[in-house]
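**Q** Please read through the structure below; I'll follow up with questions.
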């Protein structure tokens with residue numbers, strides 16, 4: 001009897017368990033399906049989470065993609081990264097109370113986190129990084145998650161103070177809060193974490209002093225507090241007590257003062273990044289006690305003194321970046337003996353003397369850059385002993401002697417820059433056969449001899465040998481350089497004819513062979529090289545006529561054959577070359593009359609001077625003008641009649657099309673609002689603001705309205721022209737995919753969009769002070785004082801820097817200009833208008849475009865020539881904006897003869913008898929400015945000229961620009977530098 005009762009009881013318990021398990025299983029499935037419905041959003045692809053479907057099977061949900069269950073069929077893990085999803089996290093997430101791992105990163109989820117997350121008390125791993133979550137981070141919902149070990153909220157839109165509730169999570173090991181908008185100081189309580197091993201707070205808007213109490217985090221191994229924060233004071237000396245720390249990143253966060261010698265006590269530290277701050281003083285020799293150190297970056301500071309000799313103890317060092325400081329003295333010989341050193345970058349310092357000849361003997365060197373110092377002597381021969389050296393950069397020094405054969409035969413090299421030295425002798429032939437090299441720059445040296453007859457290299461894009469003593473003929477083997485874009489052989493002693501094979505290169509855009517002893521005609525192949533953008537053959541002894549077919553060169557912008565012996569007539573087909581802005585045919589033997597009309601209207605008489613038998617329309621006698629006037633008038637009448645007839649037909653067609661589109665529009669006027677954050681407004685409110693009296697701007701892509709919402713807020717509404725989707729969406733997709741996802745205080749925030757089948761309306765935060773262009777060139781012109789101009793430059797640079805260096809993939813704006821830098825109520829700058837933006841997946845790579853985009857006067861030369869765009873194209877455009885801030889004039893239209901602002905500045909420098917930086921600035925500075933610090937203007941001017949260098953790779957990065965602008969010389973604020981006009 002007793003056994004029967006026991007059996008019955010067990011059976012009852014089993015059925016109860018089965019019922020509970022069944023209910024829990026179906027409950028988890030229901031929760032997952034509700035998650036799918038909410039998180040997909042309207043913009044997700046149809047196949048997103050396609051296998052998340054209802055089933056009567058108890059275990060079906062355990063086989064959903066990204067879902068894992070325990071033995072009781074309860075969901076314990078969800079990983080739906082990279083789907084992508086565009087909705088929000090619903091309250092039903094709290095029903096998955098057995099969840100241990102929730103990873104929803106790399107999506108486009110928006111809104112605030114639901115309070116129901118607090119029910120996930122078993123959660124150990126929470127990753128919501130790379131989304132668009134906004135608002136204050138709800139620290140209270142984390143408190144019940146007592147098992148939490150990993151919390152990653154990187155790259156979202158969270159604002160407010162750093163939550164202090166995290167400190168109570170005793171098992172938390174990994175806390176990643178960077179890439180948000182957290183502000184205020186780092187809480188002192190953050191020193192109370194019990195188990196924390198990883199803490200990253202970089203790329204926020206933090207301020208105040210770095211708490212010295214963080215040194216109490218004895219379990220911490222990685223600490224990142226840097227980029228885009230703006231702390232006060234310096235590095236806490238107490239950090240030296242963090243003996244477990246292996247990685248410390250305090251880069252680019254406004255730190256000042258000296259480097260504390262006490263940091264040397266961090267014996268386990270392998271990475272120390274202090275670059276891009278305002279650190280001063282000498283490099284503490286005590287740092288040599290950090291025997292585990294592998295990467296040391298002190299670049300972009302104001303450090304002085306010499307490299308400590310005790311650094312010879314750093315046997316594990318692989319990276320030594322000391323560039324852009326005020327270091328002096330010689331490079332100690334022990335640097336060449338560091339057994340693991342791979343990267344040595346010392347550029348822009350005051351180092352002198354000879355380099356140690358043992359550099360590279362460790363067989364590890366990859367990157368070597370000592371540009372802009374005062375080094376002399378011979379080039380070390382063993383730099384490429386490793387066979388892995390990629391960059392050899394020694395420009396702007398005093399090196400002499402030859403280029404060692406060992407370097408010339410280094411097949412791993414990608415960049416060779418040795419211009420502006422005193423190098424001499426023949427260039428080893430091997431340097432012209434390196435398979436991976438992309439740049440060879442040897443200009444302004446004393447090299448001699450002939451170029452080798454055999455030249456090859458599939459990667460070489462820039463070959464610059466200008467201003468040397470090269471002789472002999474230009475080798476036809478240059479045709480083997482199939483990737484060559486820039487060929488500069490000017491100011492040498494080359495002779496013979498120009499080999500026609502040169503112009504068979506498919507990517508050639510810039511050719512400068514001026515200032516040699518070349519003879520013979522211009523090769524007929526010249527007019528077949530349709531990629532050409534700039535050609536300078538001046539100051540030679542060329543003869544013959546200009547080959548026929550010039551009009552085929554549709555990208556040619558500069559053509560200079562002055563001071564030669566070229567004859568024949570000026571090609572009439574030049575009139576059709578709309579890209580040609582600079583033409584110089586002066587001092588030749590041209591005959592006849594200069595053609596008129598078309599592109600010839602752009603050129604002045606200077607372009608044709610010094611040709612005795614050539615006359616212009618002003619100097620040639622009028623011939624039978626009256627005889628032609630009658631027939632021409634009749635012809636004109638016929639043309640006018642035809643135009644009127646065609647116009648009438650066009651109006652009828654347009655009217656019919658208009659009525660058809662109007663009928664279609666009525667069917668498509670269902671507006672829908674999509675917000676990238678919580679918006680307290682409705683689509684109808686936005687549409688009601690599309691009135692003539694609300695227009696605040698017009699452009700090629702659409703009209704911008706000011707919208708006053710019922711809640712009292714103002715928004716900017718950009719109504720895009722054209723259809724709502726498709727290939728010609730006038731930047732709608734580009735804006736959504738770029739500014740819709742990114743967040744930075746100096747990038748105009750896209751709040752959301754309103755759309756129907758015919759029209760897209762983009763909603764932005766309203767900028768009451770308009771654009772920088774309006775303040776410089778409009779009715780408000782001249783009211784910006786220098787301090788405000790400088791502030792705007794720094795802030796706009798930070799916005800672009802974020803696009804280039806903190807977005808993944810990086811974003812190229814492609815239309816940087818003063819009209820796209822908007823100013824809020826406090827005159828803080830915001831980069832705007834991403835309708836032309838493009839993603840670029842590798843920094844330093846380029847992307848080919850089908851046509852030129854951007855604004856005339858701001859477009860980088862290589863972009864206009866090759867249609868290839870990279871982040872350095874934006875740098876050029878920003879340099880033009882800096883010149884606008886200094887000069888106060890538009891980039892084009894004010895300098896005559898197709899000259900832009902960059903060309904005008906260079907021309908002004910050449911015209912000055914003593915062209916110092918100060919003289920140039922005083923000659924070009926905005927006359928409306930008064931009381932400005934001259935040194936500050938000169939400083940920005942020099943940065944601007946770095947940005948607008950003709951060759952893209954020689955321009956600084958936006959990160960370097962930000963650092964330079966943020967760290968002006970102290971003397972720029974001294975009152976004795978003020979200029980009153």
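Using the three backbone atoms N, Cα and C, a Cβ is placed for every residue, glycine included.
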**Q** Look up 278, 769 in Swiss-Prot and give me whichever carries the note N-linked glycosylation site.
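**A** Per Swiss-Prot, N-linked glycosylation site applies to 278.
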**Q** In Swiss-Prot, which of these is labelled N-linked glycosylation site: 127, 711?
**A** 127
**Q** Swiss-Prot tags one of 618-638, 639-659, 660-680, 681-701 as transmembrane segment - which one?
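**A** My reading of Swiss-Prot: the transmembrane segment range is 639-659.
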**Q** Helix, strand, coil: count each for the residues of the repeat 'LRR 20' (554-578), based on DSSP.
**A** 5 helix, 6 strand, 14 coil
**Q** Sequence-remote contacts (6 or more beyond its ends) of the repeat 'LRR 7' (242-266), Cβ cut-off under 8 Å?
**A** 202, 210, 214-215, 217-236, 272-284, 286-290, 292, 297-298, 303, 959, 962-963, 966
**Q** Using a 10 Å cut-off, grab the number of neighbouring Cβ atoms around the Cβ of residue 815 (active site, proton acceptor), all chains included.
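**A** I get 22 for this one.
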**Q** Looking at the stretches 338-362, 388-410, 530-553, 554-578, which one shares the most CB pairs under 8 Å with the repeat 'LRR 17' (482-505)?
**A** 530-553
**Q** For residue 815 (active site, proton acceptor), just give me the three-state DSSP call.
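**A** Looking at the DSSP assignment, residue 815 (active site, proton acceptor) belongs to neither helix nor strand, so coil.
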**Q** Under an 8 Å Cβ to Cβ limit, what residues of the same chain, 6 or more beyond the ends of the repeat 'LRR 19' (530-553), are close to it?
**A** 490, 498, 503, 506-524, 559-571, 573-574, 576-577, 579, 584, 861, 864-866
**Q** Any residues 6+ beyond the ends of the repeat 'LRR 11' (338-362) with a Cβ under 8 Å from its own?
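**A** Same-chain residues near the repeat 'LRR 11' (338-362) but 6 or more away: 294, 299, 312, 314-332, 368-386, 389, 393.
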